[in-house]
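Below: one structure, written as structure tokens.
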Amino acid sequence: MDSRRKVRSENLYKTYWLYWRLLGVEGDYPFRRLVDFTITSFITILFPVHLILGMYKKPQIQVFRSLHFTSECLFCSYKFFCFRWKLKEIKTIEGLLQDLDSRVESEEERNYFNQNPSRVARMLSKSYLVAAISAIITATVAGLFSTGRNLMYLGWFPYDFQATAAIYWISFSYQAIGSSLLILENLANDSYPPITFCVVSGHVRLLIMRLSRIGHDVKLSSSENTRKLIEGIQDHRKLMKIIRLLRSTLHLSQLGQFLSSGINISITLINILFFAENNFAMLYYAVFFAAMLIELFPSCYYGILMTMEFDKLPYAIFSSNWLKMDKRYNRSLIILMQLTLVPVNIKAGGIVGIDMSAFFATVRMAYSFYTLALSFRV
């Protein structure tokens, strides 16, 4: 069989693990621990702190121009630590997905996975990367074209960054590099949930295909059909284990994602309407606004899609030729039927379901923040 036609979920995560290697968290290369310590200390922790301190006693207009990015950096660091804490579980999920890859039986299943979940997951990965690169470029250009010798964002330094040209450019470079690395961290944070939801949805659909075919091949004996059903039960158990691990992995990180998106969408809208000082700044805020929606929408969409695929499992069970099966098969079928009746959903913080209703609720929350801010406008 052509290896390119095989179902290989691990290939969809190569870019994801590349982000962690670039950040010094994963991989085996010289000075990895030094890279990890440097980025964690001076970027993940100190960069948001220097942004927060930089807003102290500054004019309101300057605070608003930097507030969206300060908030995003703060939540980015929070999500980064949440995901880093759960990397062991993420690797376990990937191992279970590889086990499910090996269960693919027919050309129909391979074609479906490669043309649907695999293609969509690659598109999502590329979309996040394009959005990140666009944000880095527009932020840097907007900073370079701002009037006067100003930094990209309000920030505190233990010296006068305007003292000399060299000191200014060192400070500017720190913000440019720091913001770029935090955007790289955000790629690792935000790309994982929708890609995994998409891959899991694909494997649920493949299980549906396998279950619905049982009993329709006259060449197979009753014992062979029963074995296929038991294998389907084992596949379902692995899928439910993945769901349990995803609940643990995304419990806190996605709650931060919802809060971050709601707050930053509203702040960015205000900046676009009232505080953008030139076309480059307007473009940057517009790209940032789009990035906020891109961060949130795929997770919610593929979260509800995954739930809908699980809801189809009972119908797949009764699509098999169960009426002509023996008692052993039907007993196993009843067991699987009871297992598939368990609701499958993942909630951020155990409160907010990761689905489209949560996406629209977040957008409504952002609009509420926006109207509240307008009411304080003089």
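Placement of Cβ uses the backbone N, Cα and C atoms for every residue, glycine included.
Annotated features, as they stand in Swiss-Prot:
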TOPO_DOM  1-33  topological domain 'Cytoplasmic'
TOPO_DOM  55-62  topological domain 'Extracellular'
TOPO_DOM  84-127  topological domain 'Cytoplasmic'
TOPO_DOM  149-163  topological domain 'Extracellular'
TOPO_DOM  185-254  topological domain 'Cytoplasmic'
TOPO_DOM  276-285  topological domain 'Extracellular'
TOPO_DOM  307-355  topological domain 'Cytoplasmic'
TRANSMEM  34-54  transmembrane segment
TRANSMEM  63-83  transmembrane segment
TRANSMEM  128-148  transmembrane segment
TRANSMEM  164-184  transmembrane segment
TRANSMEM  255-275  transmembrane segment
TRANSMEM  286-306  transmembrane segment
TRANSMEM  356-376  transmembrane segment
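The recorded stretches the transmembrane segment (255-275) and the transmembrane segment (356-376) share 3+ CB pairs below 8 A when only pairs 6 or more apart in sequence are counted, and are therefore in contact. Listed as Cβ neighbours of the topological domain 'Extracellular' (55-62) (distance under 8 Å, sequence separation of 6 or more from its ends, same chain) are residues 70, 154, 156, 275. Taking residue pairs at least 6 apart in sequence, the transmembrane segment (356-376) and the transmembrane segment (63-83) share fewer than three C-beta contacts under 8 angstroms. Distant neighbours of the topological domain 'Cytoplasmic' (1-33): 39-40, 84, 87, 94, 97-98, 100-101, 104, 107, 109-110, 113-114, 118, 121-122, 125, 129, 181, 184-185, 187-188, 191-192, 195, 199, 203, 206; these residues of the same chain sit at least 6 beyond its ends, with a Cβ under 8 Å from one of its Cβ atoms. Here the topological domain 'Extracellular' (276-285) has long-range neighbours at 68, 135, 138-139, 141-142, 145-147, 268, meaning same-chain residues at least 6 beyond its ends whose C-beta is under 8 angstroms from one of its own.
According to DSSP, the topological domain 'Cytoplasmic' (307-355) comprises 29 helix, 4 strand, 16 coil.
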